[in-house]
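A.B. asks: Quick one: the structure is below, questions incoming.
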Amino acid sequence: MSGYKTVGYFVNWAIYGRNYNPQDLPAEKLTHILYAFANVRPETGEVYLSDTWSDIEKHYPTDSWNDTGNNVYGCVKQLGLLKRQHRQLKVLLSIGGWTYSPNFTNGAGTPENRARFAQTATKLITDLGFDGIDIDWEYPQNDQQAQNYVDLLRRCREALNAAQGQRRFQLTVAVPAGPDNYNKLRLQEMTPYLDFYNLMAYDYAGSWDQTAGHQANLYPSTSNPTSTPFNTVQAVNHYIDAGGVPSNKIILGMPIYGRAFQNTDGPGRPYSGIGQGTWEQGVYDYKALPRPGATEQLDTNIGASWSYDPSSREMVSYDTVAAADLKAAYIQSRRLGGAMWWETSADKGGKTANKADGSLIGTFVEDVGGVNNLDRTQNAISYPDSQYDNLKAGFPSS
């Protein structure tokens, strides 16, 4: 066992209202950062940056305005500096996500587009100084798209291999926990090209449901089945048993946010309304929870936690430290490859991310025995092929 992977999504919009920058990441406790999201041009398959100001232009206080040459700034430079300080930290460019996924249908729809996707994504990796690609296609809708996905992964793996030289570039995907979606994937054909799968084991319940429910439970509830429309063990068993995926290639994704249900008596009961949320309706950052007046609850039978306020009658479904403990134990007993979180800006505990301060990331790290039990394989820091002078030179003046 090479050690557990701790995989955190960093979103390029976190630098705005959330005021969360790469410098704020608990870099010591993460083995991988998935930098989200790059987009895909549906006409051509070209992969491109979705917010160049956040990604490569924003000048941080330590950035000079007087550098000569063609230089990179923004989140990409800050991640590059983190990689030099924390050599276990691999940064992957995450392509797609919920909002951009409709572009995959045509963007990966022809052999020409898939070739261009692989070539342009790989060029971004070598230009930006990243360690690989994470593809978040939510979700292939039929067998033709599933076949296109396999071919897309093959082409990406070949392009990364051709470009990596002495480095080791990684290729990962984010995959669904719902049977309607995972049953369409050609897992046995995908696995040879992939370093690991990030299982999106959250969003099981939300505003689209008629009843309040658990959004990230491990097991189904036998006593209150409407409270668990989905469950994680069923998905994990499918990937391993039906799909033939090695257990250590499955990374269990967990939410660092809660989904709210208003005017309800609790899990499995009707509700009306979802409330304001922190940044979007009905969704609260974990660090804003529990809400004032609410008490945290745990159901060990289903591996789920939530908060409830009897006076406001609001339920929020989210992972507490106690639920994170149960999931860390499950990851270890099922011999999974590690943990993934969506997304890093919402955790408690700041940069140190300690379990004692409520950090979900820190809880997992502590539960598996500390950073020495994490994946220590080194990142790449040499990019002679980058178009950016300061990155190519290793950010000498920083």
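The backbone N, Cα and C atoms fix where each Cβ goes, and this holds for glycine too.
Straight out of Swiss-Prot:
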| type | residues | note |
| --- | --- | --- |
| DOMAIN | 4-363 | domain 'GH18' |
| CARBOHYD | N66 | N-linked glycosylation site |
| BINDING | G69, N70, G96, G97, W98, T99, Y139, M200, A201, Y202, D203, W342 | chitin binding site |
| CARBOHYD | N103 | N-linked glycosylation site |
| ACT_SITE | E138 | active site, proton donor |
A.B. asks: What mean pLDDT score does the domain 'GH18' (4-363) have in the model?
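C.D. replies: A mean pLDDT of 99 is what the predicted model shows over the domain 'GH18' (4-363).
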A.B. asks: Give me the Cα-Cα distance between W98 (chitin binding site) and N66 (N-linked glycosylation site), rounded to a whole Å.
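C.D. replies: If we compare the Cα positions of W98 (chitin binding site) and N66 (N-linked glycosylation site), the gap is 38 Å.
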A.B. asks: Restricting to the record's chitin-binding residues (G69, N70, G96, G97, W98, T99, Y139, M200, A201, Y202, D203, W342), give me the longest CA-CA distance in Å as a whole number.
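C.D. replies: 45 Å is the greatest Cα spacing among the residues binding chitin.
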A.B. asks: Around the C-beta of D203 (chitin binding site), how many further C-beta atoms are within 10 angstroms, looking at every protein chain?
C.D. replies: 21
A.B. asks: Express the distance between the Cα positions of N66 (N-linked glycosylation site) and D203 (chitin binding site) as a whole number of Å.
C.D. replies: 46
A.B. asks: Please tell me which one of the recorded positions listed here (G69, G96, N103, A201, D203) sits closest to E138 (active site, proton donor), measuring Cα to Cα?
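C.D. replies: Result: the closest of the recorded positions to E138 (active site, proton donor) is G96.
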A.B. asks: Whole-number answer please: how many Å between the C-alpha atoms of A201 (chitin binding site) and N103 (N-linked glycosylation site)?
C.D. replies: 23
A.B. asks: What are the sequence-distant neighbours of N103 (N-linked glycosylation site), meaning same chain, six or more residues apart, C-beta distance under 8 angstroms?
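C.D. replies: For N103 (N-linked glycosylation site), the qualifying residues are N39, V40, R41, P42, G96.
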A.B. asks: Rank the recorded positions N66, G69, G96, E138 by how many other Cβ atoms lie within 10 Å of each Cβ and give me the one with the fewest.
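C.D. replies: Least crowded of the recorded positions N66, G69, G96, E138, by Cβ count within 10 Å, is N66.
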A.B. asks: Just how many other Cβ atoms lie inside 10 Å of the Cβ on W98 (chitin binding site)?
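C.D. replies: Looking across every protein chain shown, the total is 12.
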A.B. asks: Taking DSSP three-state, what's W98 (chitin binding site) in: helix, strand or coil?
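C.D. replies: Reduced to three states, the DSSP call for W98 (chitin binding site) is helix.
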